[in-house]
Amino acid sequence: MNNIRKNHPLMKIMNNSFIDLPAPSNISSWWNFGSLLGACLALQIITGLFLAMHYTGDTTTVFSSVAHIWRDVNYGWIIRYLHANGASMFFLCLFIHIGRGLYYGSFTLTGTWNIGIILLFTVMATAFMGYVLPWGQMSFWGATVITNLLSAIPYIGTNLVEWIWGGFSVDKATLTRFFAFHFILPFIIAALVLVHLLFLHETGSNNPLGTSSDSDKIPFHPYYTIKDLLGLLLLILLVMMLVLFSPDLLGDPDNYTPANPLSTPPHIKPEWYFLFAYAILRSIPNKLGGVLALISSILILAIIPTLHMAKQRSMLFRPLSQCLFWTLTADLFVLTWIGGQPVEYPFITIGQAASILYFALILILMPMVSLIENKMLKW
């Protein structure tokens, strides 16, 4: 019998990627976050599309158009809050997904890992530009401060900033181009996700043991489709609780004040998911040094496969490395907290210590401990 699922050109691709895909039999719930990220991306594109239908990218009417979405559009408030809190869930899943990759050694699949880093940068750029669009105080000043960092680049910095702004300050030209880029980037992200999956399916998934699972594979459907569905239901529960009970929990009250170039908010800070990088940026007194540290804090992920000294791929049976991994996690929590605090004693000192620890853990301590573990295991 001619099976359409296995022979139709389009269905065949879907079948080989989501139905008959051979998957390791022992992957845990930490492997759910890839599908959850896909769900978050779909949510963001759909809600974003409906928001764009009612949004105006002009500085004189933009704040009113966002208020109009809340007040006058049918279910506009829930669409807007789903989009705003959906971004938070996106980054939560993203950080856990990266953490799982670090813990279980998935970074040894370098193709998939590198596309993942490009995806991370693209998602961060999209989220930053999206935060500017409501044109509240924090939107305006966040855009001013972050784009201004590019002026630290020698020779071309000032010209580059003015080119991005489309003038001599953040204004109408900046808003319209940010809206255009914010609209197009999620589709570029979706294309990159397909490349990410393409590279992943070339090698197959890693598993908690970090060993080859060629001898023990099971079909993706129904086992992992059901498992992913449970994760999806829990994510929906979490998002809906956030949206319906405390939608402004992760936002900034300053963003309910229309953008005013003549009045600076007391504490300019980005959304919570950028605070760790913002804390690293602020911990260096030099502007160019801060920008380099900011970029390095993300780009450091690219050299992790090179720094992998352990003979075992996963951290599952490496207790010393586990201690350092959870120290790194705690350090990121500290950096996130510091990023939201004012620039004063003792927060400056704590931020500097946490920043040094962040780089020291990844560049020095983790490779050293891996070598010690190799010795202990007589490898």
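Placed from the backbone N, Cα and C atoms, the Cβ positions cover glycine too.
Note that this is a predicted model, so its numbers are computed, not measured.
Marked as heme b b562 binding site by Swiss-Prot: H83, H182. Taking Cβ-Cβ distances under 8 Å and a sequence gap of 6 or more within the same chain, the neighbours of H83 (heme b b562 binding site) are Q44, T47, G48, L51. In the three-state DSSP assignment, the secondary structure recorded for H83 (heme b b562 binding site) is helix.
Sequence-distant contacts of H196 (heme b b566 binding site), defined as residues of its own chain at least six apart whose C-beta falls under 8 angstroms from its C-beta, comprise T112, I115, G116, L119. Residues or ranges marked as heme b b566 binding site in Swiss-Prot: H97, H196.
Remark: H201 (ubiquinone binding site) has N16, S17, L21 as non-local neighbours, by Cβ distance under 8 Å and separation of at least 6 in sequence. What Swiss-Prot records for H201 is ubiquinone binding site, and it gives similarity to another entry as the kind of evidence.
Under the heading transmembrane segment, Swiss-Prot lists 33-53 (among others), citing similarity to another entry as support.
The transmembrane segment feature in Swiss-Prot is assigned to 77-98 (among others).
Long-range contacts of the transmembrane segment (113-133) within its own chain (CB-CB distance under 8 A, at least 6 residues past either end) are made by residues 55, 57, 62, 66, 87, 90-91, 94, 98, 101, 106-107, 139-140, 142-143, 146, 174-175, 178-179, 181-182, 185-186, 188-189, 192-193, 195-196, 199, 270-271, 273-274, 298-299, 301-302, 304-305. Annotation source Swiss-Prot lists transmembrane segment at 113-133 (among others), citing similarity to another entry.
According to Swiss-Prot, the transmembrane segment annotation covers 178-198 (among others), on the basis of similarity to another entry. Long-range contacts of the transmembrane segment (178-198) within the same chain: residues 17, 37-38, 41, 44-45, 48, 52, 55, 57, 112, 115-116, 118-119, 122-123, 125-126, 129-130, 132-133, 143, each at least 6 residues beyond the stretch ends and with a Cβ under 8 Å from a Cβ of the stretch.
Marked as transmembrane segment by Swiss-Prot on the basis of similarity to another entry: 226-246 (among others).
Residues 98, 102, 105, 107-108, 110, 113-114, 117, 120-121, 124, 149-150, 152-154, 276-278, 280-282, 355, 358-359, 362-363, 366-367, 370 of the same chain lie 6+ residues outside the transmembrane segment (288-308) yet bring a C-beta within less than 8 angstroms of a C-beta in it. The transmembrane segment feature in Swiss-Prot is assigned to 288-308 (among others); the stated evidence is similarity to another entry.
The transmembrane segment annotation in Swiss-Prot covers 320-340 (among others) and is backed by similarity to another entry. Here the transmembrane segment (320-340) has long-range neighbours at 99, 102-103, 269-270, 272, 274-280, 282, 310, 347, 350-351, 354-355, 357-358, 361-362, 365-366, 369-370, 372-373, meaning same-chain residues at least 6 beyond its ends whose C-beta is under 8 angstroms from one of its own.
Tertiary neighbourhood of the transmembrane segment (347-367): same-chain residues 279-280, 282-284, 293, 296-297, 300, 304, 307-309, 321, 324-325, 327-328, 331-332, 334-335, 338-339, 341, selected by CB-CB distance under 8 Å and a gap of 6+ residues from either end. What Swiss-Prot records for 347-367 (among others) is transmembrane segment.
Counting only same-chain residues 6+ beyond the ends of the transmembrane segment (226-246), those with a CB under 8 A from a CB of the stretch are 29, 32-33, 35-36, 39-40, 43, 78, 81-82, 85-86, 88-89, 93. Between the CA atoms of H182 (heme b b562 binding site) and H97 (heme b b566 binding site) there is a gap of 23 Å, rounded to the nearest whole number.
Counting only same-chain residues six or more apart in sequence, the Cβ atoms lying under 8 angstroms from the Cβ of H97 (heme b b566 binding site) belong to F33, G34, L37.
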